[in-house]
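Summarising the annotation, TrEMBL assigns active site, nucleophile to Glu111. Positions annotated as active site, proton donor by TrEMBL: Glu115. The domain 'GH16' annotation in TrEMBL covers 30-225. Per TrEMBL, N-linked glycosylation site is recorded for Asn119.
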Amino acid sequence: MATLTCCSLKNSAFVLILVYALTFSFSLVSARPATFLQDFKIAWSDSHIKQLDGGRGIQLILDQNSGCGFASRSKYLFGRVSMKIKLVPGDSAGTVTAFYMNSDTDNVRDELDFEFLGNRTGQPYTVQTNVYVHGKGDKEQRVNLWFDPSADFHTYTIFWNHHQAVFSVDGIPIRVYKNNEAKGIPFPKFQPMGVYSTLWEADDWATRGGLEKINWSKSPFFAYYKDFDIEGCAMPGPANCASNPSNWWEGPAYQQLSPVQARQYRWVRMNHMIYDYCTDKSRNPVPPPECRAGI
């Protein structure tokens, strides 16, 4: 009887450990966002945002009545944010689809921007990136995408740690903003930022500097999103999260581009960059400090 009791206790303990392990693993899985509304909320014009596939994807709509936008429920200090987007197809001139992070702190805001500028049918889609640090922006770069981003979903990522902010398309870096504080150049590292996306009309500047106006006869315009992924220090949260060197995004492999990424980055800049504020002498007769420091 004692042996049976011992075995029963061992079996019971094993079952409890197994149940605990399964419960813990399921809690890890369920902690990942399963639907749009778990991590995001509609910021404006809820009638122009439609949930798809049980909330795992969404459709943004722009027409003559309104554009629309959504925002994360939390702000984050460092990490990685990515989502798959299928941009407005066809004649999208004058439209802007934006995906960005913003501290929402008015005159001292920090911001990391993707802005996808619509085009006339058959012309390249241009992505504009911009960086605001402590309220100072005007750091635009423009790249013509090397594929049709309206034909299928592609992954757009903002990666941000203490060393650099990297904008990537399908894992290929198209913009790097390095931390050059040692040279007296500000870097966004104190203010948590929310994640935002909008679809709106900006035909006064978006396509060929405003020469191409939006064709409302082609409306409504649609952009599609799925696979929302945020990994970072949510704020408010543990006070030591953002400074924890064990966060994967702070590891040695992420403190600069890898050799492969560096080659990809050079390829983008040599073959697909069409505008760089650093080399625009009409705006900056003397290159700004961050340009001289190397970006």
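Even glycines carry a Cβ here, placed using N, Cα and C.
Note: TrEMBL annotation is automatic and uncurated.
Computed from a predicted structure; not experimentally measured.
Note on Asn119 (N-linked glycosylation site): other Cβ atoms within 10 Å of its Cβ, all shown chains, come to 24. Within 10 Å of the C-beta of Glu111 (active site, nucleophile) there are 21 other C-beta atoms, taking all protein chains into account.
Across the fold, the C-alpha of Glu111 (active site, nucleophile) and the C-alpha of Asn119 (N-linked glycosylation site) stand 25 Å from each other.
The local packing around the residue listed as 'active site, proton donor', expressed as other Cβ atoms within 10 Å of its Cβ over all shown chains, amounts to 19.
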